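Read through the structure below, which is laid out as structure tokens, and then see the notes.
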Amino acid sequence: MMDGESPLRHPRISHVSNSGSDFGSSSDYNKYLVQIPPTPDNNPGPASLSIVLLEIDSNQESVPSVSVDIVSGSSGKDNEPDLTDVRINVGEEEEDDTLLSKISYSLTRVVKISPIIIALYRILIVVRVVSLALFLFWRIRNPNNKALWLWLLSVICELWFAFSWLLDQIPKLFPVNHATDIEALKATFETPNPDNPTGKSDLPGIDVFVSTADAEKEPPLVTANTILSILSVDYPVEKLSVYISDDGGSLVTFEAIAEAASFAKIWVPFCRKHKIEPRNPESYFGLKRDPYKDKVRHDFVRERRYVKRAYDEFKVRVNALPHSIRRRSDAFNSKEEIKALEKWKHWKVKVEEDQIKEPRPALVAPKATWMSDGTHWPGTWAVSGPHHSRGDHASVIQVLLDPPGDEPVEGKGGEGRALDLEGVDIRLPMLVYVSREKRPGYDHNKKAGAMNALVRASAIMSNGPFILNLDCDHYVYNSRAFRDGICFMMDHDGDRVSYVQFPQRFEGIDPSDRYANKNTVFFDINLRALDGIQGPMYVGTGCLFRRTALYGFNPPDVFVVEEEPSGSYCFPLIKKRSPATVASEPEYYTDEEDRFDIGLIRKQFGSSSMLVNSVKVAEFEGRPLATVHSSRLGRPPGSLTGSRKPLDFATVNEAVNVISCWYEDKTEWGFNVGWIYGSVTEDVVTGFRMHEKGWRSFYCVTEPDAFRGSAPINLTDRLHQVLRWATGSVEIFFSRNNAIFAGPKLKLLQRIAYLNVGIYPFTSIFILTYCFLPPLSLFSGHFVVETLTGSFLIYLLIITLSLCGLAVLEVKWSGISLEEWWRNEQFWLIGGTSAHLVAVLQGILKVIAGVEISFTLTSKSSTGGDDEDDEFADLYLFKWTALMIPPLTIIILNIVAILFAVCRTVFSANPQWSNLLGGTFFASWVLLHMYPFAKVQIGIQGFRFWVGDNPTMDTRIGFGSCDSTTKSKKLGSLSYTSRLKVIKLASGQISLTLFSCLLCHLDRGIGDDSKSKKNTKVLGFGHCFIVKINRNNKSKSVKSRNGSDFMVDS
């Protein structure tokens, strides 16, 4: 809780909207206003008023007696004292009144961390803050007069490190864990009751967004598997809609999703029948555990074999799509060329005989990309043409799976069927392919623009009050994860929750997590800590949004309601006022001027009337149930059990209209509505804007993981990923989205966390300087202090021990391992001396010179291929980048400086052992952090070098040594092509690697790769070596010529 903030922030108003005035319902209610005056027990602050608006059906013959019990309690949300818990007992009708019987249900709870651990953690933070302050004061008071320049540089860096550590550490003071109760959710929303006699689901709808932009870097098979995992989640089918955004407009992606929609008719019922987990077929069939464990149905083995065979055929079809589309397009284009030639001949004869002047027809037909129905693909062509390129193509919306009905549809059973689906619901959620229009001259705003196009299209087609966005390589690992997220949205005070962020978990990462790809410190420490303040940041994927929060509306606050309550917090039918300080009658406003200005809404959202009208419906459907515990506005139970309106041509046509490139002109999309533009890290900015308005977010950690994805394990790809994030942070720092300028609704500790997001890349300047201080110290013979006094060593010991203690306690309350914490520390230095430094330079150039920053899409790992037996093949790939120059320079300088200082001290007539000890310890600290970077440079676990100008997995020569992971010796794997490839190796790039390779194998001998023992024969070894591989009676060789030119001969 913020300092000075009263536990009773505002009166609670629970209000059920009269659905009769809003949505045509004929129900009539008498409104009973229960006012609870403040008492010393429930209101320690100024006098205030707690109001509960209870609605009871007026058709009842008698109104039951109402008694009010006041019980002190905690909200279980913000880790702060909550408002008074009001329990209303309604005569003998309590058990029959569904509205009141739901009072006891709580969908989320706080799982407290050990108070002892938290107390020790906070004490250690205070100890370290005090020791840092005393140490810096001592350092300033005791300069090194022999090397003032060295002393000054070190003190400036240490001051900045202390400041940046405070920014990172202070928001971690209130870590918290939340848990959900899915059974309570089911009992509340999916159990038969008087308001819902059939037990149909009363849960709100969810629109799932999956984004992809490049079919080459993001394999369609990966995207298709993600779609299949979403279609089979454990959530009411009629309440789920899936949208795939293809920002590249690729026909390969379109047909891959169409294939997935067809295969889903087999896969989804199979998952429902046998409760398959995970529901990504590639992951499920690749599991290394026993697939038959806990399966008791006698037909499981047979049906699993059938589905596995169907999936293998599906994979073949998807992987063959590029070839089949190319072959199909070539055939159609040949026919078009023949037609064009005949038309030209006809024109020529006509001109010569009749002397008629007619426009000359084109002799060459465009190289179009053709769909299977014999029409041109309206998106991007394989060979770019006018209006058919990545930045210039038409809108495409295709409903691949129609909206399902409300009633379950059981499959057919009986013997002889490959799948016995008797009693299994075979309905599938709606699936829509969307590719927004792009034209030259319009800023498409990258991923943020694509997401906003999906927001508008989905609002017209399905209008789910909640939106879940996923990257194409992040699939649903826990089929009940959607229900976990909805628990936060539908819980008490859930109407103040803007989004629920799930942690990102990754697969295919090496066991040691050499480059901190799992990022567990951020996801399990930083975000858990923010969950105890105002909520975690939005991290770009795996996030469940409230649609109205994305629309830029403020959260509900203290309201003064109308006499005819039919409004919502999105539309100012209800006026706000400050919390009441005296008990008084509520005020009502009924003037027409107080109603929302449709012209203002249209200006914000654009000219589409269907889009504007959908806003109010989405707000109503996203409300928690109207119970005594749910504050502010609630919706009546059973209000979402009706049928969904079927799609028609006019609806789809309007959806196409709102994703056109011109629609956002003169609107607030990207500025105050939807995903926010102006940064390559649009995710952080979008979440920041919501928190700035006073919204709350929650962090949902499930068991098993909600979603899993892939991460780049190659060092070069990892550095470029970090560069993109850091550049976005610099953009945030120099923009109006800097947390310094945020409004008062952003809590102090949340503000500090966001401020740290914008500042952390600038730490790279001081890290780089500090990493060069040890060699400067060793070369000059001076240290950062004049002499190693006892005070200096004691301060250093206290600071170091306190840091280690904090690390141990963070590991305790977060659940991560100490190795993961240390890997994060190592990569903090590696990234700080490479990617973060370049990000600062790029950000400054953009601010000063207006230089736009562009990034290439990170390639996603695909399944299968030549290296499918080597799970961590990408880890050993060496792809040179200029980002490696600073850390490589630091390593070399520190090693050389240590050797130089040792030699000078040993052979000196007056050796300065204290300076040598201090400088060597300092340099060793730097080298210890740089160890993962050094490993890839010296090839301890293997090395592979790209071959040719356009590196692919098929044109690679590998050099390696003893692999500590697989415990096998590798000389190197050779993948070859039928073309001549010549590699020019720059000596500066591979000298260390080649030298390490020679030393490693010189004494140990040569071992065959475990994958090629039968076909690899070593003919010689030395300065020049030859590896000859016989495969399919064909010989390939690799020859070394003076260690500089390598050639692959067919």
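In case you wondered, yes, glycine gets a Cβ from its N, Cα and C as well.
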Quiz item: Per TrEMBL, which one of Asp234, Asp247, Asp420, Asp425 shares the UDP-alpha-D-glucose site with Ser211, Lys217, Glu218, Lys446?
Solution: Asp247
Quiz item: Cα distance, Glu218 (UDP-alpha-D-glucose binding site) to Lys447 (Mn(2+) binding site), nearest Å?
Solution: 14
Quiz item: Around Lys446 (UDP-alpha-D-glucose binding site), which residues of its chain at least 6 apart sit with Cβ under 8 Å of its Cβ?
Solution: Asp247, Val680, Glu682
Exercise. Spatially speaking, which of the recorded positions Ser211, Lys217, Glu218, Asp683 is closest to Asp471 (Mn(2+) binding site)? Use C-alpha to C-alpha, please.
Key: Ser211
Quiz item: Sequence-remote contacts (6 or more beyond its ends) of the transmembrane segment (753-773), Cβ cut-off under 8 Å?
Solution: 150, 153-154, 156-157, 160-161, 164, 167-168, 171, 526, 530, 533, 537, 684, 688, 691, 726-727, 729-730, 732-733, 738-740, 742, 746, 784, 829, 831-833, 836-837, 839-840, 843, 886, 890, 893-894, 922, 926
Quiz prompt | Spatial neighbour of Asp683 (active site) that is closest, considering only the binding-site residues Ser211, Lys217, Glu218 and their CA atoms | solution = Ser211
Quiz item: If you run the three-state DSSP split on Lys217 (UDP-alpha-D-glucose binding site), which class comes out?
Solution: coil
Exercise. Across all the protein chains here, work out how many other Cβ atoms are within 10 Å of the Cβ of Asp471 (Mn(2+) binding site).
Key: 24
Practice problem: Just name the most isolated of the binding-site residues Lys217, Lys447, going by other Cβ atoms within 10 Å of its Cβ. | Solution: Lys217
